[in-house]
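J.: Sharing the feature lines straight out of TrEMBL:
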ACT_SITE  Glu220  active site
BINDING   Cys93, His219, His223, His229, Met237  Zn(2+) 2 binding site
BINDING   Asp125  Ca(2+) 1 binding site
BINDING   Asp159, Gly193, Asp195  Ca(2+) 2 binding site
BINDING   His169, Asp171, His184, His197  Zn(2+) 1 binding site
BINDING   Gly177, Asp199  Ca(2+) 3 binding site
BINDING   Asp286, Asp330, Asp427  Ca(2+) 4 binding site
BINDING   Ile288, Ala332, Ala380, Val429  Ca(2+) 5 binding site
DOMAIN    106-263  domain 'Peptidase metallopeptidase'
MOD_RES   Tyr360  phosphotyrosine
REPEAT    276-325  repeat 'Hemopexin'
REPEAT    326-371  repeat 'Hemopexin'
REPEAT    374-422  repeat 'Hemopexin'
MOTIF     91-98  motif 'Cysteine switch'
SIGNAL    1-19  signal peptide
Amino acid sequence: MPGLPLLLLLLLWDVGSHGFPTASSGAQEQDAELVQNYLRKYYHLRTGTNKPSRQRSSSLVTEKLKQMQMFFGLKVTGKADADTLTLMRQPRCGVPDVAPYTLGEKTLRWEHTHLTYRLENYTPDLPRADVDRAIDRAFQLWSNASALTFTRVSEGQADIMISFVWRDHGDNNPFGGPGNILAHAFPPGGGIGGDVHFDEEKRWTKDFRDFNLYHVAAHEVGHSLRLLHDGDIESLMFSNYNYYGDNLLTQRDIDAIQALYGPSKNPIQPRERQVPQACDSKLTFDAITKIRGELYFFKNRFFLRTGPFYKTGELGAIADFWVPLSRGVDAAYEVASRDEVFFKYSKVWAFNAAKMRRGYPKDIYHSLGFPHTVKSIDAAVHEEESGKTYFFVASKYWRYDENTRSMDTGFPKEIAHGFPGIGKKVDAVFQERGFFYFFRGKSTDLILTQSGF
Ligand SMILES: *[C@@H]1O[C@H](CO)[C@@H](O)[C@H](O)[C@H]1NC(C)=O
Ligand SMILES: [Zn+2]
Ligand SMILES: [Zn+2]
């Protein structure tokens, strides 16, 4: 957590490692159960009813853990390490990651390219028109990218039946149990084949709040069309939920659907998401911060890192270090070469050496004291000398005291007053040798100002 005095951190660490053995072994038991459930559900771990020896069962778990870590591109340790547990706790799709279709007969794909779908009921979370629009767009996404066409029907049996259900709903795949399953879908076929179920007990939205119905529907319809999970964190068919705007398809997704059904006749082909080019002069940044002496420039799912001598930058994927932020950040800062703090929408994440601190993500309202009118942070910078952090939101800025862990009074102020010459909005900012470096618009529009306001 940002700004905890060092002494308190050491104290907490001490308590956690020796203080309360019962509490920590309780947590370990919970972790072990999470791992078992997860591997059983998504990796077909069979810990049989005839009670295999402890040793045999633990070596099975190790094998499945390795398989899971390989699938997600994590470090393959065969152990339930922190990265693995973090990933397992994230909300996800209920369809297994490996060989999901062991139904005896081989399910291939739909034999016809014209399919029907029917929405059997609505969620009360959204107006009906919004639900219709989300579902229609999910089908349009796939018809735009392939030779498939879809028609919505309002009665009778459709190829793909869609419903909002809860708990045990008669298909042996209840919602609401341990784990965080949002929805599931069945591969092509008659009867339940192709059908999509959303967990009604989740909150469905049409924006970035959990959970965006269009995004989840697009993923599930992918399964209805015979696509499997993709371990590439970029793919729409990645197993875990992670909202990143409406541009959903990667080239891999497009290739996968076209391999099954052929290309679209639509003259406007879907555009895959773009990877930033380091030397593009039109490049803008989402966030910039120093981390352990190196400067990180964040853009979409990537960062550009420059060493102390500012030679050529090195491009990396955010997912390589900060798994939960793999889809991008709005703002970032570092406290005392110790905590990396990131913002996306109204949430804040704190990491220590790329390990997420316990209890995160948090919302910016309770943890930092922002008013609810603030929906996201444009930029943030921490000033080591004063222990203050500055947050930039549209034309205003706030100042936060990392020692007292509270917002300073008298804020927000106008950027134009506190930092004359910066303009009305900031994209990114970092501090270096007593200067704040502000970025707005194109990366060449660099503005320098002395810090200390
Ligand atoms: C499908 O393509 C059309 C253009 O042909 C576009 O207007 C529409 O937004 C696309 N739909 C989706 C969901 O991408
Ligand atoms: Zn899925
Ligand atoms: Zn179901």
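In case you wondered, yes, glycine gets a Cβ from its N, Cα and C as well.
Just so it is clear, the model here is predicted, and its values are computed rather than measured.
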J.: Among the binding-site residues Asp125, Asp330, point out the residue whose Cβ has the most other Cβ atoms within 10 Å, with all shown protein chains included in the count.
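T.: Compared across Asp125, Asp330, the most Cβ atoms within 10 Å surround Asp330.
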J.: Across the whole of the domain 'Peptidase metallopeptidase' (106-263), what does the mean pLDDT come to? Round it, please.
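T.: When the pLDDT values over the domain 'Peptidase metallopeptidase' (106-263) are averaged, the result is 92.
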J.: What does the structure give for the C-alpha distance between Asp171 (Zn(2+) 1 binding site) and Asp330 (Ca(2+) 4 binding site)? Integer Å is fine.
T.: 40
J.: Cβ within 8 Å of the Zn(2+) 2 site centroid (Cys93, His219, His223, His229, Met237 excluded): which residues?
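T.: Leaving out the recorded residues gives Val95, Ala185, Glu220, Gly222, Leu227, Leu228, Asp230, Leu236, Phe238, Ser239.
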J.: Can you tell me the CA-to-CA distance separating Ile288 (Ca(2+) 5 binding site) and His219 (Zn(2+) 2 binding site), as a whole number of Å?
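T.: Cα of Ile288 (Ca(2+) 5 binding site) to Cα of His219 (Zn(2+) 2 binding site) measures 31 Å after rounding.
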J.: Is any of the recorded positions His184, Glu220, His223, Ala380, Asp427 within 10 Å of Asp195 (Ca(2+) 2 binding site) (Cα-Cα), and if so, which, in sequence order?
T.: His184, Glu220, His223
J.: Helix, strand or coil for Ala332 (Ca(2+) 5 binding site)? Use DSSP.
T.: strand
J.: Near ligand 2, meaning Cβ under 6 Å from any of its atoms: which of the binding-site residues Cys93, Asp171, Gly177, His197, Ala332 fit that description?
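T.: Cys93, by Cβ distance under 6 Å.
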J.: Can you tell me which of the recorded positions Cys93, His219, His229, Tyr360, Ala380 is spatially closest to His184 (Zn(2+) 1 binding site)? Compare CA atoms only.
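T.: That would be Cys93, nearest by Cα distance.
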J.: Select, from Cys93, Asp171, His229, Ile288, each of the binding-site residues with a Cβ positioned under 6 A from at least one atom of ligand 3; if none does, say none.
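T.: The ones that qualify, in sequence order, are Asp171.
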J.: Beyond the listed site residues Asp286, Asp330, Asp427, identify every same-chain residue whose Cβ lies within 8 Å of the center of their Cβ atoms for the Ca(2+) 4 site.
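T.: Nearby residues not in the site list: Thr284, Phe285, Ala287, Phe298, Val329, Ala331, Asp378, Ala379, Ala428.
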J.: In Å, rounded, how far does the Cα of the residue listed as 'active site' sit from the Cα of His169 (Zn(2+) 1 binding site)?
T.: 17
J.: For the C-alpha pair, I'd like the distance in angstrom between His169 (Zn(2+) 1 binding site) and Met237 (Zn(2+) 2 binding site), rounded off.
T.: 24
